[in-house]
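Data block below; observations after.
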């Protein structure tokens, strides 16, 4: 999944709103306070929870089927890397455009279309009979999910008043590591089965991993239905000068939360007195786009351009480390499970697996290809990794205000470098799981800190796009990392780990250039 810090995006959504009529937004905040909290917010939080878990499944599912499908498609390590990278490559193609257009055409529209498209193409992934079809379906899943992701978070944040918005989104951020635990449990429950159904005399076969994708796609379908039943953001309606629609949404929220009639709502007549509002002309989408382009011009001049470049480099590195280790962990865990009888040295195990995989993919092989399927131990290891990743939000909340974001990033960077180097000498299953889990958790915190620092250094008019660009560079790192990791692994076991450590160390040094004046 695209990996994003939700509290950061909450502030981004708030900053985007600040560029609208301040008076009207203050009234919305007062009205939201009057609405209180009730069944509507329960539905809202359930929807965003299902949507975020859907995103984790979208990004992580391919890493769990690598062992299952390697014989069906004769996959080598590079093929597996490309398959892992496809959702992130898809996200690159749509994330900035979707984020830019959300303010003009609505949050709900993009969320519903994005979830619907994610469901369709995850379902098609489950029907895939060729490697090309599977990779293209995964690519399309990334395209649609990226369109839904930022809109989903913005829509959620704009139904809470600014006094609790950041805290609510911080709570919501727990859905991502929890989603990693859920996908590991579902993978464990489904992929250990021996399901195979043949149609048309063997021309169309559904294996266990096909059913796995079909079942996971239901999360996207449920998310789409939930968001269809939710209203559009009142803040978006205000940005479009649709005050009647915004008022109706607030009344609906009030009635659903309080179970009281609309007549008791203190703000039931909000914005009805047209003569109190400034005369406004309707603004065409073309004019809105022109104004948006004008507002972002300062971002491409110094000093903001320098900060943008620096944060892009930092996020590229932290997300590359995080995604590569997380996506390849199930595969490496399966290697340990099947090849650790003679030696527990990670390089001996990887080299043995690579040698056997090359023999399996030879066209002239005589023996039947038997995949190295993940057992209970591999899924338990994934559960441990997902649980450890729940710790960074707690750490960041406790330490950030005391030591500062830049200083915490630097410390985390050097710790991550040391952990990545230490992976090379992992000589037991416990050591491998401990090092990978801690390294992934630390790199998660680094990515979160990078996105938060973007908010400190960019003004309101450029903040949302700055976050989108920085996240796009992070996803670019995810694509290149997943493709290059198996190539480097084929050159030698230590090469990818030492390369990652060197890049992390070098870019962590660049973090000293970040100004700490706003800490």
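Glycine is treated like the rest: Cβ placed from N, Cα and C.
Here is what TrEMBL records for this protein:
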DOMAIN    44-519  domain 'Major facilitator superfamily (MFS) profile'
TRANSMEM  44-65  transmembrane segment
TRANSMEM  85-102  transmembrane segment
TRANSMEM  109-127  transmembrane segment
TRANSMEM  133-156  transmembrane segment
TRANSMEM  168-191  transmembrane segment
TRANSMEM  211-230  transmembrane segment
TRANSMEM  304-325  transmembrane segment
TRANSMEM  379-400  transmembrane segment
TRANSMEM  407-426  transmembrane segment
TRANSMEM  432-453  transmembrane segment
TRANSMEM  465-488  transmembrane segment
TRANSMEM  494-514  transmembrane segment
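If you count C-beta pairs under 8 angstroms between the transmembrane segment (44-65) and each of 85-102, 109-127, 211-230, 304-325, 465-488, the highest count goes to 211-230. Sequence-distant neighbours of the transmembrane segment (109-127) (same chain, 6+ residues past either end, Cβ-Cβ under 8 Å): 51, 54, 58, 61, 98, 101-102, 133-134, 137-138, 140-141, 143-149, 151-152, 155, 206, 210-214, 216-218, 220-221, 223-224, 227-228.
Long-range contacts of the transmembrane segment (133-156) within the same chain, counting only residues at least 6 positions beyond its ends with a Cβ under 8 Å from a Cβ of the stretch, are 1-2, 4, 6, 9-10, 12-13, 16, 44-45, 47-48, 51-52, 54-55, 58, 62, 69, 73, 82-83, 86-95, 98-99, 102, 107-118, 120-122, 124-125, 168-169, 172, 227, 230, 232-233, 468. By the Cβ criterion (distance under 8 Å, sequence gap of 6 or more), the transmembrane segment (432-453) is not counted as touching the transmembrane segment (168-191), fewer than 3 such pairs being found.
Averaged over the domain 'Major facilitator superfamily (MFS) profile' (44-519), the predicted model has a pLDDT of 81. Taking residue pairs at least 6 apart in sequence, the transmembrane segment (168-191) and the transmembrane segment (304-325) share fewer than three C-beta contacts under 8 angstroms. The transmembrane segment (407-426) shares the most Cβ pairs under 8 Å with 494-514, out of the stretches 168-191, 211-230, 379-400, 494-514. Within its own chain, the transmembrane segment (211-230) has Cβ neighbours under 8 Å at 43-44, 46-47, 50-51, 53-54, 57-58, 61, 64-65, 68, 108, 111-112, 115-116, 118-119, 122-123, 125-128, 152, 155, 183, 186-187, 190-191, 193, 195, counting only residues six or more beyond its boundaries.
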